[in-house]
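Everything below concerns the one structure shown next.
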Ligand SMILES: Nc1ncnc2c1ncn2[C@@H]1O[C@H](COP(=O)(O)OP(=O)(O)OP(=O)(O)O)[C@@H](O)[C@H]1O
Ligand SMILES: [Zn+2]
């Protein structure tokens with residue numbers, strides 16, 4: 001068995017050979033925490049969450065780094081607009097991102113480094129790049145000299161002579177307009193850090209080269225991100241890291257976008273749907289099914305209809321799981337997934353084909369139930385659970401057990417009918433003047449955290465202060 005992955009750098013699917021047998025190191029470009037996450041952001045991480053789960057299933061030890069870009073032009077602009085510190089904006093949104101990832105059942109990364117925690121590493125990297133003739137300081141900025149690095153633009157396969165690299169505000173003193181800023185000179189009212197070239201702050205690209213080096217060493221297996229990052233961000237990461245002396249990433253994997261009318265869902269385009277809004281309308285597990293099951297290299301055009309289809313497809317799977325559990329109790333996941341599922345996943349994470357195996361197995365399981373063949377139904381459920389576990393979609397997984405609490409109104413109905421049963425018994429005890437039983441029932445409800453009030457309409461319950 002060999003896992004194959006589409007490597008953007010090679011423009012083809014390649015057999016995956018880890019640098020260190022049995023281990024996989026992955027670096028994924030994470031969020032710029034300037035606003036709350038939209039479903040496109042979460043799709044990106046979800047694709048890599050499934051990749052990570054598949055490597056783990058295949059017996060690899062996975063080290064997964066996802067950074068947080070907590071300093072950036074847009075964060076500073078928001079801070080000025082809202083008259084709040086830049087770090088308050090960053091931290092608030094970092095939490096919103098983590099809540100979004102968690103709501104959709106994504107596993108936390110092994111490490112989650114923040115850019116601002118790694119300024120010394122960035123300064124060290126710039127110093128060596130300057131010493132080696134790949135970078136220079138000008139007007140308090142530090143630029144990478146793109147002509148000094150022959151491998152520049154190999155990932156995106158562009159010609160340097162045709163390249164337009166827009167300069168940011170205050171980026172003066174460039175030797176070549178295509179040189180990019182690794183470090184930006186201090187501007188009034190902005191956060192700054194001291195460096196040998198003056199006060200300033202990191203540009204976006206430098207942090208990833210520096211943090212990948214720190215947490216994964218000079219070479220690692222897979223670098224990921226959305227398609228939009230290939231140029232300039234990933235080209236610039238490669239230039240910095242390789243000119244520094246690192247071998248850097250061996251495979252480049254890029255996820256496609258969630259789109260709206262064909263455009264990338266994006267905060268700046270104003271066409272984004274926030275995760276926090278979506279989870280009010282849709283069960284998080286259904287959202288995960290919707291965003292996680294198309295192939296990671298296919299665009300997802302946002303549509304309510306497709307969401308409803310995802311909801312009913314997932315309901316077919318969940319219905320089968322529930323029916324078997326009702327008949328046979330909890331069935332543990334099988335140790336192995338069916339071979340057709342594994343084959344699909346090995347082939348560049350072919351989740352749509354793998355999902356087809358889940359649905360086929362569910363149909364077989366339903367037939368077994370209809371034929372009253374409990375043993376076969378149980379065996380199919382064990383397989384289904386093993387497959388769903390890899391996709392992070394097992395409804396019996398403890399992660400989803402609390403799902404009801406997000407949907408308080410459903411749970412409220414259930415609790416209400418249970419409490420009513422106890423209150424009816426209490427009323428009956430009172431009617432027969434059995435005060436001891438009536439008080440005991442009330443005490444039990446109180447101990448469960450419920451407050452009971454007697455009103456002219458009969459007893460009412462509410463949750464106690466906690
Ligand atoms: N619509 C989308 N679909 C899939 N992935 C996305 C989408 N938007 C952003 N991503 C990915 O999410 C990760 C974090 O993105 P980042 O915080 O840099 O946002 P961004 O691309 O600036 O988003 P926006 O355009 O909304 O400002 C990156 O890997 C990026 O490629
Ligand atoms: Zn990056």
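Even glycines carry a Cβ here, placed using N, Cα and C.
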In TrEMBL, the residues 208, 233, 237 are said to bind Zn(2+). Which of 23, 29 is said to bind at that same site? 29
Would you mind telling me which of 31-41, 42-52 TrEMBL tags as motif ''HIGH' region'? 31-41
The annotated motif ''KMSKS' region' range in TrEMBL, which must be one of 259-263, 264-268, 269-273: 264-268
Could you tell me which of the binding-site residues 29, 208, 233, 237, 267 have their C-beta within a distance under 6 angstroms of some atom of ligand 1? 29, 267
Residues satisfying Cβ distance under 8 Å from residue 29 (Zn(2+) binding site), sequence separation of at least 6: 66, 67, 208, 224, 225, 226, 229, 233, 234
For the recorded Zn(2+) site formed by 29, 208, 233, 237, name the remaining residues of the chain with Cβ within 8 Å of the site's Cβ center, in chain order. 204, 205, 207, 209, 223, 225, 229, 234, 236
Residue distribution over DSSP helix, strand and coil in the domain 'Cysteinyl-tRNA synthetase class Ia DALR' (340-401): 49 helix, 1 strand, 12 coil
Across the motif ''HIGH' region' (31-41), what does the mean pLDDT come to, as a whole number? 98
Using DSSP, tally how many residues of the motif ''HIGH' region' (31-41) sit in helix, strand and coil. 3 helix, 2 strand, 6 coil
Sequence gap of 6 or more, C-beta under 8 Å: which same-chain residues meet both conditions with respect to residue 267 (ATP binding site)? 34, 35, 38
